[in-house]
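Listed in TrEMBL for this protein:
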- C:21-40: transmembrane segment (TRANSMEM)
- C:77-94: transmembrane segment (TRANSMEM)
- C:101-119: transmembrane segment (TRANSMEM)
- C:139-158: transmembrane segment (TRANSMEM)
- C:165-181: transmembrane segment (TRANSMEM)
- C:187-214: transmembrane segment (TRANSMEM)
- C:226-252: transmembrane segment (TRANSMEM)
- C:289-307: transmembrane segment (TRANSMEM)
- C:313-331: transmembrane segment (TRANSMEM)
- C:352-369: transmembrane segment (TRANSMEM)
- C:389-411: transmembrane segment (TRANSMEM)
Amino acid sequence: MRIFQTHIYIISIIFFFINVCRSEYSSEFHFPNEREEIIDGFFSKSRHTNNWAVLVDTSRYWFNYRHIANVLSIYRTVKRLGIPDSNIILMLADDVACNPRNRFQATVYNNAERKLDLYGDNIEVDYRGYEVTVENFIRLLTGRHLPDTPRSKRLLSDDRSNVLVYMTGHGGEEFLKFQDTEEISSYDIADAFEQMWEKRRYNELLFMIDTCQASSMFSRVYSPNILATGSSQTGQNSYSHHLDPELGVAVIDRYTYYNLETLEYVTLQSQKTLQYLFNTYDVSLIHSTPGVRHDLFERNLNKVLITDFFGAVNNIELTLKGYKLSRGSENDIPDIKQNTIRDKSDEKIEKINHNNDDHLIPRNEYKMIKVDFKKSAMVSPLFLLGSIALISGIIFISKIVN
Amino acid sequence: MFKKKIISISSFIFAYFTIFSIINVVYGENVYSDSFSEELTMKNLSETEILAVFNFTQTMDLKEDNKITSYYQLFPRAIGQIVEKYHVKEFHITFTRGSWNSYQWGLNTLPVPVGVEFYAYFDANYDTNENWSGLANAISGVFCASVNYIDRSKSAKPNYSFKPSGSYNEEEKIEMRYGSLSHEGVCTENLTPWIKLLPCQSKMGIAGLLNNYKLFDTNYYSMMAHLIPVCIDSECKHKQLQLTQIISTVFDNKRISKNGNKSWSTESLFGKKISSYCPVSTNSKIKIELNDSDGENNYRLIQSPSRFESSTKDTKYAVYDLISKRYDNLNIGVNIINEKNIQPIQKNIGLEVYRSQSGFAEEYGGFVVTMKNNNIDKDLSITYFDIIPWFVNIYFNSFKIQNTKVKDYQNDQYVNEFYYEPAIEHVNPTILEMKMIIPRDSTTTIEFDFDKKHLLYADYPPDCARGFDVGSAVVTVHNITLGEGYLYPTEDFIRIYTEPIVIILPAPDFSMPYNVITYSCTIIALFFGSMYNAYTRRYIPLVVEKEEKEKGKNETQKIPPPKDSISATEKEEKDKDK
Amino acid sequence: MKQNSLPPLIKKKYDTVAFQKFLKITIVLLLIARLILLNITKIPDVLGQRFELTTPITSLKKLKEGLFLFQNGLDPYEGGIFTQAPLLLFLYHILSYLPKLFESILYTACDGLIAYYLYNISIYRKKNQLSLFWRPVDILLNPLLVSTIYLINPFTILSCLSKSTTIFNNLTYVLAIHYAIKKNINLSMFFAALSSYLSLYSFIIIGPCILFLIETKNDNYQKRKIIIKSISLFVLYAVALLGISYLLLGSFKFIKSFYGVILSISDLTPNIGHYWYFFTEIFEHFRVFFLWVFQLHILIFVAPSVLKFKEQPLFLTLVITSLISQLKTYPSIGDIALYMSFIPMYQELFKYMTYPFYTLNFFLYSISFEPLMYNLWVWQGTGNANFLFIINLVFNIAQILLITDTIHAYLKREHERHYPEFRGKELAWK
């Protein structure tokens with residue numbers, strides 16, 4: 001009897017707890033007025049919930065080793081600070097790690113002492129070689145991909161993403177060279193960023209660029225919440241830092257090198273701000289004047305953490321209550337399914353790319369023809385009849401006309 | 001009394017269920033229907049070159065109607081979902097760098113061309129062309145390679161050169177597509193996702209030896225993934241998908257070994273030691289192939305193996321079974337004492353194939369393919385398959401297929417069939433497939449000419465001075481069975497790949513499109529302007545006033561003066577001129 | 001016109017009978033030389049690859065490839081390597097059954113025939129010179145000299161030796177004009193249709209042909225009747241030729257493959273024109289626009305030329321031929337040779353030309369540099385495509401200078417003819 005009673009007690013306590021918990025997590029129970037602010041208060045002050053990084057190297061050939069080292073240094077920093085590979089789009093225009101000219105295969109160093117290999121054993125390059133083109137870059141930023149583009153090649157950011165866009169290569173006034181054949185202008189980048197803003201594909205964007213005359217590249221940007229920094233002003237060149245005599249090429253650029261001097265000491269918990277990073281820029285060391293453009297950025301740079309852009313610091317707060325999120329205000333653009341974007345311009349793009357002309361045989365037929373090497377020409381008898389008819393027709397008409 | 005019984009029964013039942021669930025949790029591995037097995041085979045190809053072949057096989061049972069289940073256990077979801085979406089029956093992709101030295105190492109039992117080779121079989125009930133391009137794009141995302149460049153302009157549908165490796169029922173209709181990129185590089189970014197397809201990845205098991213720094217410092221490196229359907233039962237009512245991942249690599253011990261001695265071990269080659277086997281694998285073995293003809297004097301094993309297996313009379317394997325015997329920090333290797341008896345894996349079948357380019361300069365050229373049958377006693381029946389891109393124009397009237405022994409070779413008896421698909425600019429490449437018989441102890445030569453085309457500005461790649469690639473040709477030798485030791489499922493044919501070729505095309509100057517446009521338009525405008533002038537304006541005589549002696553043209557618009565204004569002297573002068 | 005003050009005709013010393021004999025012997029020797037060179041030596045194989053002499057539309061190498069495909073029962077137009085007229089395929093199919101000598105005989109015969117019909121046209125021109133209308137003239141045309149100049153012109157020799165198929169186009173062109181002069185509407189229109197079948201732009205020749213045909217008619221109604229007859233005959237013959245080609249091949253693919261290539265310049269092999277490089281470098285967006293502009297550019301000159309030179313249809317022929325040869329999309333030296341053969345018929349214009357020596361130098365300079373620059377680009381690799389392109393432009397300038405100078409000379413002479421009292425005076429240009 002006593003055992004039975006204790007059993008009942010236990011079961012009833014379990015039922016009670018279950019009910020309590022269920023009711024606590026039930027969706028009907030919420031504070032109607034302050035839910036958004038409370039939820040926002042849980043996340044970091046910059047309102048972002050996830051981080052993306054787009055790291056682009058635009059130069060090819062072995063002597064541009066340092067550009068790839070630049071990008072890989074930032075890649076390593078960003079990975080170390082928590083952004084996973086699925087949120088990083090890495091574009092390398094050439095393969096230097098496994099290049100036959102590389103004395104140290106499968107490695108990329110950004111320092112002549114070769115203490116730290118940037119390539120590592122866990123790297124995913126999303127766009128490599130010939131795929132690094134202006135068209136692919138703008139498609140990536142705007143999200144207007146051709147169908148069948150795999151997920152790892154898409155920038156699936158939303159309106160709560162902080163995006164870091166880092167570009168390096170050879171550039172000039174208001175342009176950046178892609179693979180020595182084409183160029184992207186500052187207007188293109190500004191328009192791409194504006195499209196991103198209109199589609200709400202970023203919360204805040206840090207655009208960092210290390211080329212000659214870098215500041216001209218972001219001079220045309222006009223969308224809000226964009227912070228931009230470049231390695232030199234218009235009319236100035238950017239320089240490489242040092243070269244490795246065994247590799248035979250320069251291994252890092254000055255601007256990125258001095259950025260890394262600061263970034264290497266940033267940890268996940270670090271509270272260092274971007275203003276601190278920008279204050280460390282020393283013109284006498286970098287040999288060019290880095291530019292910072294913050295007029296479109298609403299927050300004060302003293303309040304922006306480095307890890308807001310370079311890391312993915314997820315604050316996790318445990319709550320006992322549940323909060324229902326509203327669907328968003330009416331001003332927001334409705335959710336666009338990025339996988340199935342097919343507006344008319346996309347079809348036009350597909351046509352230009354896939355050369356949809358009418359060809360002699362239908363494009364998709366694989367028609368293997370069997371060849372017999374014996375001569376078997378068939379001059380159809382109709383043809384002979386036709387030619388005889390033509391000749392007789394000429395003679396006949398000549399009799400009539402003349 | 002009755003209540004006590006109920007209480008005791010219920011508590012027994014409760015305890016039974018608890019223990020039962022605990023036992024189920026503990027013996028969790030029996031819940032999987034997916035299986036995984038790993039194997040590493042190592043062998044000396046010459047005194048200083050060591051071949052290592054990793055073989056990871058995963059299987060997943062398919063549902064009743066050969067559909068893929070949505071419950072993924074060990075099998076990688078990335079591959080399964082792609083296969084399901086694009087109605088893929090089987091696919092094969094290989095990434096290779098370096099070249100296989102068939103003189104010294106024998107036949108390559110895992111034949112691959114340089115770069116990326118990719119072919120797949122699809123369910124013919126759906127649109128195969130769309131599925132092929134979709135699959136290429138999806139695979140490029142999985143393996144971080146530019147496989148998406150294999151589109152219609154590089155694909156082919158060969159008839160004889162490839163056969164499906166999986167098992168199919170009669171009513172299944174399948175269609176094949178083939179493509180290759182010979183310029184594609186292989187590096188750590190391809191190895192990383194490849195390892196991530198394995199259930200234990202590189203954390204445990206034999207895959208822990210995969211050290212990219214060492215693997216990419218080798219003479220030959222080839223990484224493959226093959227997905228085929230396999231029958232479970234004899235009537236093939238139930239099938240399973242089998243994903244085989246193979247890495248085949250040849251280490252150069254001359255460069256790697258520190259003291260210069262010829263011994264090697266997994267630590268000296270890979271720089272790592274194996275901690276333990278992968279817990280979900282049913283089979284985890286390392287085999288070292290040894291030559292046994294002279295007894296024990298050739299080698300000394302560092303660790304004693306679990307057992308020895310003999311394959312043929314001359315070779316035996318030292319097998320290290322990682323499951324049955326626990327090794328801690330395993331370092332397996334061989335000290336070589338007598339290196340004279342090292343045999344290649346598989347003797348060459350006596351066919352040497354070369355393909356090269358003839359001619360020079362950038363206007364026209366030719367291909368020469370030489371196939372030499374060294375067998376004295378055997379004729380070889382082969383198929384030659386080649387994809388030549390559309391940027392060269394092949395002249396079919398220049399085709400010469402000759403043989404050193406047979407005078408009139410180009411007839412039905414020897415060249416059985418000749419298929420081709422002509423190239424269309426920007427659309428599809430030239431595809432050649434020839435079936436022929438090479439008589440014993442003779443050389444067959446195929447020669448043909450081509451013209452190098454001039455392409456549009458946009459068709460040239462960024463580094464066009466390097467040239468354009470033509471992928472390796474495939475020579476399939478039929479009716480050959482190999483002996484034991486062939487590392488891939490037994491088939492009755494083998495493939496040999498030729499070298500790739502780089503063709504240099506004449507390129508325009510890329511730096512001045514605007515200049516060209518303006519110069520051409522200037523000439524057209526010059527033509528138009530001169531002709532317009534000639535047509536619309538007319539000559540009128542210029543009257544020189546007697547007082548003034550100006551000789552200006554073009555500004556004075558004088559009407560022709562009356563006839564008596566001409567002096568007689570001028571007229572005489574004119575007559576004299578004539 | 002004032003006939004009393006006309007100067008007498010001057011017979012220069014090379015109008016003698018001995019000179020005529022000399023010319024006849026030269027013509028025969030030249031033809032025999034062609035026959036020998038075509039048949040025995042390897043010169044045709046070497047010249048047949050030259051980009052100046054052959055284009056994708058006229059190359060014999062590609063024709064042989066198409067013939068091979070045709071003879072093996074395959075579709076010759078499928079690959080994109082054969083982009084020529086189908087009836088040529090039939091012609092060479094017949095030739096392939098005959099011994100090799102017949103091919104050389106065919107080319108020599110074509111050249112000989114062109115020379116013969118040019119001789120006939122020059123006779124007409126000579127009659128024209130003597131007419132009241134064109135006098136005074138100081139040098140009487142020697143028709144045999146025109147033929148000799150045609151045969152001895154290095155451009156014609158090279159073009160003939162390269163065995164390019166421009167020669168058939170030239171032959172039908174000259175035939176069309178010849179029969180138009182002979183007032184044979186039927187044959188003239190047939191050959192005009194055949195010429196435009198072989199090379200698309202020759203259809204413009206119906207302008208001068210119609211002018212020849214209505215030359216002696218005074219009645220407006222008769223003129224209109226002839227015009228309607230000739231245009232309808234032309235269309236009829238063109239359609240018949242296309243129909244026969246369809247019967248030969250079994251499909252209309254050749255229209256897209258042959259005329260499509262001519263119109264859309266999809267084959268970018270270098271030639272002596274400058275369109276190939278232009279359309280290599282043009283951006284995709286503007287390609288169609290510029291194609292239309294360049295094709296219309298040829299058409300817009302037809303009507304003004306006809307209106308301007310309607311009194312002298314032969315000069316109109318010269319202008320139109322020069323127009324076509326310069327502005328066609330795949331020009332070659334054979335086309336240049338064609339219009340250069342009409343220029344000696346207008347010897348009396350030479351003294352009105354303001355810079356003939358300059359033009360000649362331009363020609364010599366550019367034509368001698370063309371093979372060199374191509375060699376530097378394609379064979380040695382030390383040069384650039386720009387080298388060849390610039391020389392193409394210079395060559396085009398040379399041609400423009402030649403034709404403009406000729407037209408100006410004509411205009412000056414016309415002015416003198418109308419106002420003989422101003423002979424020798426300076427002229428102003430309004």
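Placed from the backbone N, Cα and C atoms, the Cβ positions cover glycine too.
TrEMBL entries are annotated by machine, without manual review.
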Near the transmembrane segment (C:289-307) in space but 6 or more residues beyond its ends, with Cβ under 8 Å, are 201, 204, 207-208, 211, 263-265, 275, 278-279, 282, 316, 319-320, 323-324, 327-329
Residues of the same chain, at least six outside the transmembrane segment (C:187-214), with any C-beta under 8 angstroms of its C-beta? 57, 85, 87-88, 165-166, 168-169, 172-173, 175-181, 222-223, 226-227, 230-231, 233-234, 237-238, 240-242, 259, 262-263, 298-299, 302, 305-306, 310, 313-314, 316-317, 320-321, 323-324, 327-328
Beyond the flanks of the transmembrane segment (C:21-40) by at least 6 residues, Cβ under 8 Å: 100-101, 103-105, 107-108, 111-112, 115, 142, 144-145, 147-148, 151-152, 157, 160-161, 163
Highest Cβ pair tally under 8 Å against the transmembrane segment (C:352-369), stretches C:101-119, C:139-158, C:165-181, C:226-252, C:389-411, lands on C:389-411
If we skip the immediate neighbours and take only residues 6+ beyond the ends of the transmembrane segment (C:226-252), which ones have a Cβ under 8 Å from one of its Cβ atoms? 75-77, 85-87, 89-90, 185-186, 188-190, 192-194, 196-197, 203, 206, 209-210, 213-214, 217
In terms of Cβ proximity under 8 Å, which residues at least six beyond the ends of the transmembrane segment (C:313-331) contact it? 55-58, 121, 124-125, 128, 173, 177, 199, 201-202, 204-205, 207-208, 211-212, 215, 262-263, 265, 267, 271-273, 275, 294-295, 297-298, 301-302, 305-306, 338-339, 342-343, 345-346, 396, 399-400, 402-403, 406-407, 410
